[in-house]
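I have placed the structure first, in the form of structure tokens, so that the comments after it can refer back to it.
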Amino acid sequence: MSLTFDFVQPEPAATDRITLFADVILPLPLPKLYTYRVPYEMNDDVVIGGRVIVQFGAKKTLSCIVAAVHETPPALYQAKYVLEFIDDAPVVTQPQLKLFRWMAEYYMCTLGEVINAALPSALKLSSESRIQLHPAFVRDEPAYPLSEPEEKIVVALSTEDGKAMTFTDVGELLGNTNFHKVIKSLIQKDVIFLFEHLADKYSPKVVKKVRLAHHFVEENVLEGLFQQLAGRPKQLDVLMRYLQKVPVYQNVHANHQGTEKASLTSSPHLSPSAVNTLIKNGVLEQFDVIVSRFPLDDSPEAKMPFTLSEAQLTAQADILKQFTEKDIVLLHGVTGAGKTEIYIELIRKALEGGGQVLYLLPEIALTAQIVTRLMRVFGTRLGVYHSKFSDNERVEVWNGVLSGRFQVVVGVRSAVFLPFDNVSLIIVDEEHESSYKQYDPSPRYNAREVALMMANFQGAKTLLGSATPSVETYYQTRAGRWGLVSLTKRFGEAGLPEIELVDTRKSRDAKKMLNHFTPELMSEMERKLAMQEQVILFQNRRGYSPFINCLDCGWIPKCKNCAVSLSYHKHAHELRCHYCGFHDRMPVECPACGSRNLKTVGFGTEKIEDDLKVMLPQANVQRMDLDTTRAKNSYQQIISDFENQVTNVLVGTQMVTKGLDFANVSLVGIINADSIIHYPDFRAHERAFQMFVQVSGRAGRKGKKGKVIIQTADPAQVIFDKVIRNDYLEFYEYEITQRREYGFPPFMRVIRMTVKHVDQLVAEQAAILLTQELVERLGREAVLGPEAPYIFRIRNFYLQEITIKLDREHTVLKHAKGQIAAAINVVKDQKEFRQARLVADVDPM
DNA sequence: AGCACGCCGACT
DNA sequence: GTCGGCGTGCTC
């Protein structure tokens, strides 16, 4: 408990009673905390970071987090009472609260929004929460005695099969007496479980187990049983196996735990029917046990040792040495240099020191392979936090961190929200990845920056890893503030791939293009496939074609909600908008002129796949993009098919650039490099360089030299030269000069304001006013715009953008954010702009 | 974010 | 004459 009160004086007189107030964080986008009064008799129950239930407004009952407790009554209003206290220990720890406050301030959002993003929804009880009888609960023999109100609920829930009750129902049933306590108690006793109204149907993971019926446990009775079963060899086998698994002779109590039913039926000479007969005859009894979704498998073979190479050892020593002087170190290692092994060693060392470890990875790099590898080393101490996880699994990880069960967590962006309180090492792998930045729902945070702040608050060291570090990060190492360790050799004998530029314009002029393939790429593919080697093709656009065009009247289908053309998806036979999800059937004829001459223009992954199936009929081609990986296990399926060489060619979007380490890939093709380079953004070159180098890294592993072919209409562009020589430093020098000259990060901070309104004119006017207000407060030179972005309408909202550039200095930044907030308020106070949405994105990517 | 209060159109 | 549209203001 984080709060202590001075109750030393014995029996305080009633008039001396302390009145406490709790400032709570509501899970809503409200700018401030709300103060509720704690009932006297509950003074001991307030926990900072614990959940409480309050009435908010006339109707709503919300669960929220206590952020502070004090004795100052609000001057301007009468505080309502806290209705109930749910937790007797914090679910949100003090270090988390501190970090969340920082996030809210830095990313210009409310604490409520941060809390909302942070808490797994199963921790957010709302009036929509419902309860249901636990499937493993047997009414006639409860494991714990039930109180009267508890019994009442059980009866009500038992009347119908699988009946659910809302909190309101429970309240009515019990006459509104502190029913949350009752519910919580029932949950603890595994009598009921809680689920969110619309959330997927929770089913606790249940394992069928069997044990010896209790009257057989005694040794002499057991002997008698053997006699009885003498003529039934199958059943005897099962029994012997059971006694082998559960040493009832040595330890009578072991029988209570029993063993998994599956363990008695799995091996071939044991028959499941014999097990069932034993159960039927009352020799064995079957029972259900709820198990963790993260099994406790601490088998001894788990601790698989491995040895680091000379280069890895040197790098590791260097990192540790730099950590003695610096809190942040960048491990700049070429793809395939073996960074993961170094991470594992460092994690092991950090754990020996008693601290927690957070290992962040981008979504697409967090694969089953890496988790298995980490599991082998860290066993049950490892927690995994992934976006494909169900809410129940998330809560298990959250609680596991709180209880200390998980000391290492490998996870994606949102893992920075977990309740760490003693982190000693944070690893941010692929630190340059833009997927660490959350864009759409607020908080628009960058997990790398949040991780750095968490490390700062908790005195941890941070290791950033990348083959292509972000310019901002590398700048910090150059300035000497952060450490730098480089790994320039690939693990094993694998050399870096040979990169060849192929001029698409030349081929096109010579009429030699085969669909979107140059003859060079085509013949190289054929050659590699003939050698039974695999190919990865990268095309940064999904769908079949980005738009279609009527050859007779020029009609191009556009999205009705967004200012974009609709992409053609051949397989689904649809036209789709990639911004709002609108879709429509592909028309047979032009709706404008009736012509049937509809032509696809441009190409995406689907067309590449389609063409290849015709051009390389002997090859097995698979596509990996958002459309083919939507289903739950499809991503893993595609990867394992490719790994097992079921597929020969993998065509994909950015997904193919990360984390796929396959020894047999000897060719990588980038179909259209130009679309990546020409992007209206100051980070376009950085992103392009990173993408090319990362995807190139997929070619050639384990001693095989790979080849990369980049198709471009303009091979003379400066960036290619640096990609071909894999010269990060040269790229950095070139890029940093540009950044300095044009005043971009790391020299300046960028805050991007977006103004949205359904009416284009109003959006423009609001943006103009906002710009004026910003200029007034921050100066003309700090404010750029307003300007309509390239895609100026999304989901029926017209957009206007304003870019604010600020000095990096902390105090300036803090002051500026106050000024921006003030400017936003001026616009918002204008009643014609009430409907406008003004969004600030700090450090946009 | 919701939800209530409040002032102007198409309906029994 | 009313039911209901969603604009705007508040929630401790």
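Placement of Cβ uses the backbone N, Cα and C atoms for every residue, glycine included.
Among the features that TrEMBL reports, Zn(2+) 1 binding site is placed at A:CYS550, A:CYS553, A:CYS590, A:CYS593. All chains included, 12 other C-beta atoms sit within 10 angstroms of the C-beta of A:CYS553 (Zn(2+) 1 binding site).
Per TrEMBL, Zn(2+) 2 binding site is recorded for A:CYS559, A:CYS562, A:CYS577, A:CYS580. Reduced to three states, the DSSP call for A:CYS580 (Zn(2+) 2 binding site) is coil.
This prediction places the mean pLDDT of the domain 'Helicase ATP-binding' (A:320-487) at 92. What TrEMBL lists as domain 'Helicase ATP-binding' is A:320-487.
TrEMBL lists A:585-752 with the feature domain 'Helicase C-terminal'.
Cβ contacts within 10 Å of A:CYS593 (Zn(2+) 1 binding site), excluding its own Cβ and spanning all protein chains shown: 12. Rounded to a whole value, the Cα-Cα separation of A:CYS577 (Zn(2+) 2 binding site) and A:CYS590 (Zn(2+) 1 binding site) is 18 Å. Counting neighbouring Cβ atoms within 10 Å of each of the binding-site residues (A:CYS562, A:CYS577, A:CYS580, A:CYS590), the lowest count belongs to A:CYS580.
Residues A:CYS550, A:CYS553, A:CYS590, A:CYS593 make up the record's Zn(2+) 1 site, and a Cβ search at 8 Å around their centroid adds A:LEU551, A:ASP552, A:GLY554, A:TRP555, A:PRO591, A:ALA592, A:GLY594, A:SER595, A:ASN597 from the same chain.
Cα separation, A:CYS562 (Zn(2+) 2 binding site) to A:CYS593 (Zn(2+) 1 binding site), rounded: 23 Å. Among the binding-site residues A:CYS550, A:CYS559, the residue whose Cβ has the fewest other Cβ atoms within 10 Å is A:CYS550. Apart from A:CYS559, A:CYS562, A:CYS577, A:CYS580, the residues listed for Zn(2+) 2, the same chain places the Cβ atoms of A:LYS560, A:ASN561, A:VAL564, A:LEU566, A:HIS578, A:TYR579, A:GLY581, A:PHE582, A:ILE794, A:ARG795 within 8 Å of the centroid of those Cβ atoms.
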